[in-house]
Structures are given as C-alpha cells and as structure tokens.
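Structure, as structure tokens:
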Amino acid sequence: MGMQMKNFKKMMTLMALCLSVAITTSGYATTLPDIPEPLKNGTGAIDNNGVIYVGLGTAGTSWYKIDLKKQHKDWERIKSFPGGAREQSVSVFLNDELYVFGGVGKKNSESPLQVYSDVYKYSPVKNTWQKVDTISPVGLTGHTGVKLNETMVLITGGVNEHIFDKYFIDIAAAAADESEKNKVIYNYFNKPAKDYFFNKIVFIYNAKENTWKNAGELPDAGTAGSSSVMENNFLMLINGELKPGLRTDVIYRAMWDNDKLTWLKNSQLPPSPGEQQQEGLAGAFSGYSHGVLLVGGGANFPGAKQNYTNGKFYSHEGINKKWRDEVYGLVNGHWQYMGKMKQPLGYGVSVSYGDEVFLIGGENAKGKPVSSVTSFTMRDGNLLIK
C-alpha cells in the first residue's frame with residue numbers, strides 16, 4: 001500500500017508461581033499445518049463444528065479454513081473477502097455465519113488509510129459473502145470483540161476514527177517532504193493519553209435483530225490492541241494501548257448476566273523475570289485451557305511507561321519495540337509467569353477449541369508475518385507448547 005501503509009505499520013507497532021514449560025508429543029496436542037500464506041494483523045474465528053476461519057491482514061482479501069475434527073487436517077481456501085484488503089478487523093460466528101467488523105485499509109490505491117465501520121458476513125453453506133445493512137456506532141480499528149451467545153457480540157475499545165484518519169491525511173499531504181512528515185509524526189505522538197479519545201463505550205451487536213446497543217463504558221480509559229476472552233459469562237479484557245506506544249498492564253474483568261455487564265475487580269499482569277515493572281502488552285494471544293487463562297506474546301516498548309510517568313508524552317520516542325515471548329497464566333485467581341513461547345510473536349489470531357489455544361500466524365521480532373501455528377495446553381499443572 002505504499003508509503004502510507006509503511007507509516008501505518010510503523011505507527012500501529014506503537015499502538016496488540018512459575019510453572020514448567022514442556023514441548024508436547026503428538027499424544028498431547030493437535031498439530032496443525034502452517035497457513036498457506038503468512039498472516040499478521042488478520043482476524044479469525046471458530047464455528048460450532050470445530051472449523052477455524054482466518055484471513056485478511058497480510059493475507060489481503062484471502063480467507064482460509066481448517067476442520068479440527070478431520071483426521072487429515074489441511075487449510076482450504078474459501079471465497080475471497082469482497083470488502084477490500086484491511087487489517088485489524090474482528091470476527092465472530094453468529095447464527096452459524098462468520099461476521100467481520102471494521103478494520104483499517106484503503107478504499108482505492110490513491111486514498112489514504114482509513115478506519116472502517118462496515119460489517120460483512122460469510123455463509124459457510126453457500127461459500128458467499130454479504131455486506132450487512134448496518135454500520136457500527138463508531139469506526140472500528142484496534143477494537144476487540146467476544147461472542148456472548150449465538151446472536152450477540154460484545155465490541156469495545158479501538159482508536160478514535162477522526163483523529164486516526166486525520167493522521168494519515170496529514171502524512172499523505174506531507175508527501176516527500178521529510179521535515180513536514182516528521183513534524184506530523186511528532187505532533188501526533190506527543191500528546192497525553194486522554195487526547196486520543198480511544199473508545200471506552202461497550203457496544204452489543206445483535207445479529208438476529210441487526211441492531212446496536214450501548215452497554216455502558218469501560219471502568220477506566222479506552223484501549224486499543226487489547227486481547228479479550230469470554231468464559232462462563234466472565235469477560236476478561238487484557239492490556240492494550242492507552243495511546244500509541246504506551247501500554248497498560250491492567251486486566252479488566254466483568255460479568256455478563258441478564259443482558260447486563262457488571263465490572264468486577266481488575267488485576268495486573270506481573271513483571272517479566274528480570275524486569276522491574278510490567279509495561280503491558282498489545283497484540284497478545286490469549287485463551288483458556290483447563291480453567292487457566294493463558295496470555296502470551298504481544299509487544300511493548302520497555303521504558304515508555306516510566307517516560308510517561310516522568311511527563312514525556314512521546315513516551316516511546318527512541319525506544320525499540322520489543323516483541324515478547326513470555327506466557328502468563330491466571331491460576332487460582334493469581335497471575336503467574338509460566339514460561340516462554342518458541343519465539344517472540346504478536347498480532348496473530350487466537351482461537352480456542354476444547355482445552356487447546358491455537359496461536360495462528362503473527363508478527364515476529366523482525367516485524368515480519370509468519371505462517372506457523374502453535375498451541376498452548378495446560379496439563380497436570382504444566383504449560384505445554386506445541
């Protein structure tokens with residue numbers, strides 16, 4: 001997508017009791033083949049029949065599926081997405097159809113990057129896509145979503161559409177003038193978190209009625225690039241950015257009951273071994289295995305939090321982004337460091353099936369997309385990584 005996409009990718013990278021770790025044998029976990037093409041900043045979901053669907057991001061308009069119940073598991077290409085290439089969409093299965101919400105991309109080769117508020121759905125039976133006659137109440141990029149039931153999805157977080165779009169309009173206007181471009185970049189990043197107006201409203205979309213509902217607000221500031229999971233009517237909203245380059249280590253917890261969201265006591269991710277504080281993560285993988293919430297990977301800027309505390313709003317200036325390989329687990333109500341992944345990785349797709357958490361694609365420590373598929377499983381108190 002040219003220079004604007006390069007600036008977008010650069011900017012978005014600024015915006016996703018120790019237990020033993022073991023490499024599993026084939027008897028412990030499912031082995032899945034690599035995705036046909038590398039995937040980062042994509043999206044994915046699993047249906048009620050154990051079929052995983054992933055696509056978009058660096059895969060462009062391509063989508064693939066794999067049936068976990070088949071003896072011989074292979075990725076199959078499905079019909080391409082009609083809404084154009086985009087990154088950071090959210091997808092869930094509702095009423096046996098795959099819904100895709102928002103994202104960021106270019107409407108044509110000449111236009112600047114922009115936030116989308118559209119919704120598409122895919123029918124596995126017909127292998128067809130359809131644009132849904134609705135738009136989200138706010139533009140959706142950097143948002144997160146979890147399925148509440150067969151008809152409803154909860155969506156929250158994300159960047160402010162107008163502020164985000166204006167940044168790329170200004171970058172495009174600067175064109176080849178490096179001095180002007182650097183000025184735009186500095187002015188964009190050198191602001192306090194509150195000035196970015198990240199979305200803190202919680203929206204509920206009902207696919208059966210094709211309606212949106214305001215379900216309240218996050219208990220604190222809005223975030224972008226958070227990870228989220230839902231288990232037994234309890235929502236966990238994990239870390240994310242408070243502003244580009246600055247993460248939070250907070251995990252919000254809420255209960256969904258009688259169509260109402262009640263916020264409970266939050267918690268914090270512990271520091272990594274050898275580090276004084278937890279910077280927080282964006283683009284992390286997450287999912288449950290045998291009742292343990294596992295969070296791994298993602299990326300941050302070590303030292304940005306201290307800079308911000310000291311009054312430096314451009315908190316990540318001069319700091320190299322660090323992709324993470326640590327895995328944490330919420331065991332008996334307490335967060336613990338569990339061990340390390342096979343490699344630092346973030347901004348991929350997390351999908352849970354049974355007691356396995358699949359980590360599909362992602363971005364490695366060189367900023368490159370990968371096509372690998374790995375998994376987390378808890379067994380006998382150990383974290384198994386395959």
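Indices start at 1 and increase along the chain as displayed.
Using the three backbone atoms N, Cα and C, a Cβ is placed for every residue, glycine included.
Per Swiss-Prot, signal peptide is recorded for 1-29. Look at Swiss-Prot and you will find 51-95 tagged as repeat 'Kelch 1'. If you look up Swiss-Prot, you'll see 97-149 marked as repeat 'Kelch 2'. Annotation source Swiss-Prot lists repeat 'Kelch 3' at 151-186. Taken from Swiss-Prot, the feature repeat 'Kelch 4' covers 187-232. Here Swiss-Prot flags 235-284 as repeat 'Kelch 5'. Per Swiss-Prot, active site, proton acceptor is recorded for E241, and the stated evidence type is sequence analysis. Annotation comment: Swiss-Prot describes 306-355 as repeat 'Kelch 6'. Annotation comment: Swiss-Prot describes 357-386 as repeat 'Kelch 7'.
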Please count the residues of the repeat 'Kelch 4' (187-232) that DSSP assigns to helix (H, G, I), strand (E, B) and coil.
7 helix, 19 strand, 20 coil
Write out how many residues of the repeat 'Kelch 6' (306-355) are helix, how many strand and how many coil, based on DSSP.
4 helix, 21 strand, 25 coil
At a threshold of under 8 Å on Cβ distances, which of 51-95, 97-149, 306-355, 357-386 pairs most often with the repeat 'Kelch 4' (187-232)?
97-149
Count the other Cβ atoms sitting within 10 Å of the Cβ of the residue listed as 'active site, proton acceptor', across every protein chain shown.
30
What is the number of residues in the repeat 'Kelch 7' (357-386) that are helix, strand and coil, as DSSP sees it?
0 helix, 17 strand, 13 coil
What are the DSSP helix, strand and coil residue counts for the repeat 'Kelch 2' (97-149)?
0 helix, 32 strand, 21 coil
Helix, strand or coil for E241 (active site, proton acceptor)? Use DSSP.
strand
